[in-house]
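Everything on this sheet refers to the single structure shown next.
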Amino acid sequence: MNTQILVFIACVLIKAKGDKICLGHHAVANGTKVNTLTERGIEVVNATETVETANIGKISTQGKRPTDLGQCGLLGTLIGPPQCDQFLEFESDLIIERREGNDICYPGKFTNEESLRQILRGSGGIDKESMGFTYSGIRTNGATSACRRSGASFYAEMKWLLSNSDNAAFPQMTKSYRNPRSKPALIVWGIHHSGSTTEQTKLYGSGNKLITVESSKYQQSFTPSPGARPQVNGQSGRIDFHWLLLDPNDTVTFTFNGAFIAPDRASFLRGESLGIQSDVPLDSNCGGNCFHSGGTIVSSLPFQNINSRTVGKVPRYVRQPSLLLATGMRNVPENPKTRGLFGAIAGFIENGWEGLIDGWYGFRHQNAQGEGTAADYKSTQSAIDQITGKLNRLIDKTNQQFELIDNAFSEIEQQIGNVINWTRDSMTEVWSYNAELLVAMENQHTIDLADSEMNKLYERVRKQLRENAEEDGTGCFEIFHKCDDQCMASIRNNTYDHTQYRAESLQNRIQIDPVKLSSGYKDIILWFSFGASCFLLLAIAMGLVFICIKNGNMRCTICI
């Protein structure tokens, strides 16, 4: 009898360690937490940062034709103060303005300065041609100590027109220029406001002065306003510079009788460029396409948290210092306490295998030849193909060429400047929200996709095995026939033929099912066995007492 019991127990143990195949997914000991649309702090196996925070503290010019204007202001390249003599004509795809740069020598200002600056930043440089103006009966060599070369001089691209002699009358004049080129000409002229009426009379004669400028799209008259002003560069007078873009074949006509600063050459834009205001040094050994006042951002990420005022091919500025994009599946580190046989994990969706390093999804098996682990490349590749390129798609959605508007505005332009700054701040808020939403949506899709591929793989195996195996609720299938390594490989690569093993599986299932108990039934039997044992011990004790009393070996006295 004892021998039969031992044999039965041995059979059960051998069968319990029978052939088995389990499905699982990759896991790591320490994952990365990301946010989705519905949850925050979900741990995933892999994640990629989408916000760039690293900055190169130099303007990277490798592969570019930079122009460092130094002490020359960008607008000065149009009119030619002494500090801009070497930049009257230039070609560039990266224009760097410095804090020390100055547009003028004789005090004054440009109208619509910021708009003109933006045009020049994207100009690709400028070249010029003579407007062909000739004069008689007046002087064209006006000079000032404020614009010094070897001595007193003036703007290289402008003519300061004066009466033929002090206090002499200035004749009425008309000069015209037709744009012969196929692209717009940038025309700049000036109106001189003398430091006093006496000075104006000395320079241009007595009487009221009027300057009129006309083209097919532009008509404007100007009257100088002589008067005392604080001295700048030793001058109390001022020159206001005005400008227009003259269309091809269009003609601009100047009519004047004094106080007119005449253009000598028309400027033409060469192509396209980027312009940046910065005081950091240049570095020709490094390349980049995103620039700001503090240097260069070299990044392939869709967002950056370095500077909101940038130019070039720029990642969108967001306020968040980090937005992690999930590029791997949900991670639940392997818990040894939940292991079944040979490391099978209870709940294959809820737990992972840390050893599965060559794929996202895979198999572990046990058979007479031993144990093994293998990745499932088909399901892994299916998931990776859909997730690869997420970063590129985000970049496509977010990157665009930006222009920098970051200058001091004149009083008249201040309201426009306030609107620009308010708009910039509002756009930053909107894009910070959009960025978080975009990343959360992509993360939700990645996690759902990874879980879906796991379910597809599980269903694929279940449909192959059919009645030849039984699910055990832990992501494993207990196989009712002998399954060697070749058999296991056929399950993995979806070539398993269940009819080949049907008879053997049916026979083994009949032998195993009668003694197979679920964990719930085991608990019931355990308690039943405990109760039966107690009852048996009590019955034996009562029987012994009864025999002893009957034989006179024990006496029971009942007292009332």
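Using N, Cα and C of the backbone, Cβ positions are placed for all residues, glycine too.
Here's what Swiss-Prot has on this protein:
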- 1-18: signal peptide (SIGNAL)
- 19-523: topological domain 'Extracellular' (TOPO_DOM)
- Asn30: N-linked glycosylation site (CARBOHYD)
- Asn46: N-linked glycosylation site (CARBOHYD)
- Cys72-Cys84: disulfide bond (DISULFID)
- Cys105-Cys147: disulfide bond (DISULFID)
- Asn249: N-linked glycosylation site (CARBOHYD)
- Asn421: N-linked glycosylation site (CARBOHYD)
- Cys483-Cys487: disulfide bond (DISULFID)
- Asn493: N-linked glycosylation site (CARBOHYD)
- 524-544: transmembrane segment (TRANSMEM)
- 545-560: topological domain 'Cytoplasmic' (TOPO_DOM)
- Cys556: S-palmitoyl cysteine (LIPID)
- Cys559: S-palmitoyl cysteine (LIPID)
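What Swiss-Prot annotates, mapped onto the structure for a quick look.
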residue: Asn30; record: N-linked glycosylation site; Cβ contacts under 8 Å, 6 or more apart: Pro333
residue: Asn46; record: N-linked glycosylation site; Cβ contacts under 8 Å, 6 or more apart: Thr32, Ala326, Thr327, Gly328
residue: Cys72; record: disulfide bond; Cβ contacts under 8 Å, 6 or more apart: Pro81, Gln83, Cys84, Gln86, Phe87, Gly101, Asn102
residue: Cys105; record: disulfide bond; Cβ contacts under 8 Å, 6 or more apart: Pro81, Pro82, Gln83, Thr144, Ala146, Cys147, Arg148, Tyr155, Asn233
residue: Asn249; record: N-linked glycosylation site; Cβ contacts under 8 Å, 6 or more apart: Arg178, Asn179, Pro180
residue: Cys483; record: disulfide bond; Cβ contacts under 8 Å, 6 or more apart: Asp19, Ile21, His365, Asn367, Ile491, Tyr501
residue: Cys487; record: disulfide bond; Cβ contacts under 8 Å, 6 or more apart: Asn367, Tyr496, Tyr501
residue: Asn493; record: N-linked glycosylation site; Cβ contacts under 8 Å, 6 or more apart: none
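Comparing the disulfide-bonded residues Cys84, Cys147 by how many other C-beta atoms lie within 10 angstroms of each C-beta, the top residue is Cys84. In this structure, Cys84 (disulfide bond) is part of a helix by DSSP.
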